[in-house]
Amino acid sequence: MSDTGVKVPLQRIDAYRWRIPQSYQPEMRVPGIVYADDVLIEQIRQDNSLQQVANVATLPGIVGYSLAMPDIHWGYGFPVGGVAATDVETGVVSPGGIGFDINCGVRLLATGLSYQEVKGKADRLADELFQHLPSGVGGKGMRSLSERELREVMVRGAAWAVEQGYGFPEDLEVTEEGGCLTGASPEAVSTTAIQRGVNQLGSLGAGNHFCEVQVVDYIYDEEAARALGLYKDQVVTTIHCGSRGFGHQIAEDYIRVAESKQKDFGFKLVDRQLACLPLRSDLGKSYLGAMACGANFAWANRQLLMHGVRQAFSRVFGRQARPAEMPLVYDVCHNIAKIEEYRINGELQRVCVHRKGATRAFPAGHPAVPEKYRAVGQPVLIPGDMGRYSFVLVGAPGSMEQSFGTTCHGAGRQRSRTAAKKAISSKDLMAQLEAKGIAVRVHSKGLLAEEAPLAYKDAEQVVRVVHNAGLARLVVRLRPIIVVKG
DNA sequence: ATGTGC
């Protein structure tokens, strides 16, 4: 990761908040706010992500602040872990502010099994999972689609998958947006994207995407854990995946067209990667329609993958793990833009919230929180790294007051892929994980080291910041026992 | 993240 040597000024607000003053760059329309403690802020200073927070603050129509969560790191235009809200009338949408993996997200599946029951069969379960979940770069998915079927997926998302027999209608009630963003327009999606998408539904991909079997290791909040159906020593499964090559192609197509139109729109941005489209322009509307197609593909994708997980558990545990007894706890997306309403300076304002590596965290009582969780808040799923911990939180009222209903999304990368590979070999990492009692199955062994725990910040430190800042509340900690990767 | 470069 490069360091320009330019020091972005930071003013401490309190133990968990830092301000980048608007005076730093004349083009900034709002200040920046960074959520971090003393240790994390030093790690964040190591790359260019603070400069990117300042750059995002120059976007036309940006409202309030350019925000950064404690897991931020350098990304395309926006930092990963960045949040920006733009006015729907005067503002823009920046495709790079959603990211290449449209609706990359996380779902958590409960089981009725305890660690004691799974322990002796972990290797067999790992084999079954690896077999049921197609993975790898460019890999084909569980289901090939005709173009007509892909169109249904683009418009209907996870509901299409449920109708096809992958999972249950109840799954949709605990999926963000019900597993379908409205306003999808397949005509705004290129034929190249469609060609890439038809073979990829129900596939894990590679990189930081994974399926992990985990144990509920520590309970921070008994009442909230009970409401989410989670208890100590329970075995659960996390799926982290997105829209594969399909969403990637949509992002690439619109980033390219946005870059070519900046002059026409009269924009002179400080970074060409921030290329953006007025929300009221035809191109802006086309991007949002295409982005919704990518998002819906990702929800259908995670729905198929979850079906594969339920099948794998059933194969190993029989009647002890019937699919209907493995309820979906929740599904969040952490790379997306949404039109939402917030009270800003006393007035209700409709804004386009860009969440790039950032998770929605609506508090108790919010109408978008499923009824069964309404009293505790929206579940927030935070995968850590494969060797340490992941976390479940619930949204807290502070998110509505401070961060456009948003919190962090993960541990956050601390070392580049190249630096990680230099620091440890895949073989040594595999041995380390096995020694910790974690069964690992990986499609491309060479890529494993890029995702080593040492490549990531400490997720526990990240979630402590958002907990203490009042954006979300800690509920449980999860410890990995099986890792399946692309 | 990614048919891992254009």
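The chain as shown is numbered from 1 upward.
Using N, Cα and C of the backbone, Cβ positions are placed for all residues, glycine too.
Because TrEMBL annotations are produced automatically, they should be read as predictions rather than curated entries.
As written in TrEMBL, here are the features:
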type: ACT_SITE; residues: A:HIS409; note: active site, GMP-histidine intermediate
type: BINDING; residues: A:ASP101, A:HIS209; note: Mn(2+) 1 binding site
type: BINDING; residues: A:208-212, A:334-335, A:383-386, A:SER390, A:409-412, A:LYS485; note: GMP binding site
type: BINDING; residues: A:HIS240, A:HIS334; note: Mn(2+) 2 binding site
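Feature map: TrEMBL annotations on the structure.
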residue	record	DSSP class
A:ASP101	Mn(2+) 1 binding site	coil
A:ASN208	GMP binding site	coil
A:HIS240	Mn(2+) 2 binding site	strand
A:HIS334	Mn(2+) 2 binding site	coil
A:ASP385	GMP binding site	coil
A:HIS409	active site, GMP-histidine intermediate	coil
C-beta crowding around A:ASN208 (GMP binding site), within 10 angstroms:
23
List, in sequence order, those recorded positions among A:ASP101, A:HIS240, A:HIS334, A:HIS409 whose Cα sits within 10 Å of the Cα of A:CYS211 (GMP binding site).
A:HIS240
Which same-chain residues, if any, lie at least 6 apart from A:HIS334 (Mn(2+) 2 binding site) yet have Cβ under 8 Å of it:
A:CYS104, A:GLY105, A:VAL106, A:ARG355, A:GLY357, A:ALA358, A:THR359, A:HIS409, A:GLY410
Checking the contact step here: among the binding-site residues A:HIS240, A:ASN335, A:ASP385, A:GLY412, which have a Cα within 10 Å of the Cα of A:HIS209 (Mn(2+) 1 binding site)?
A:HIS240
Need this for a regression test: binding-site residues A:ASP101, A:ASN208, A:ASN335, A:ASP385, A:GLY412, filtered to those with Cα within 10 Å of A:HIS240 (Mn(2+) 2 binding site). What's left?
A:ASN208
If we check Cα distances from A:ASP101 (Mn(2+) 1 binding site), which of the binding-site residues A:ASN208, A:ASN335, A:GLY412 wins as closest?
A:ASN335
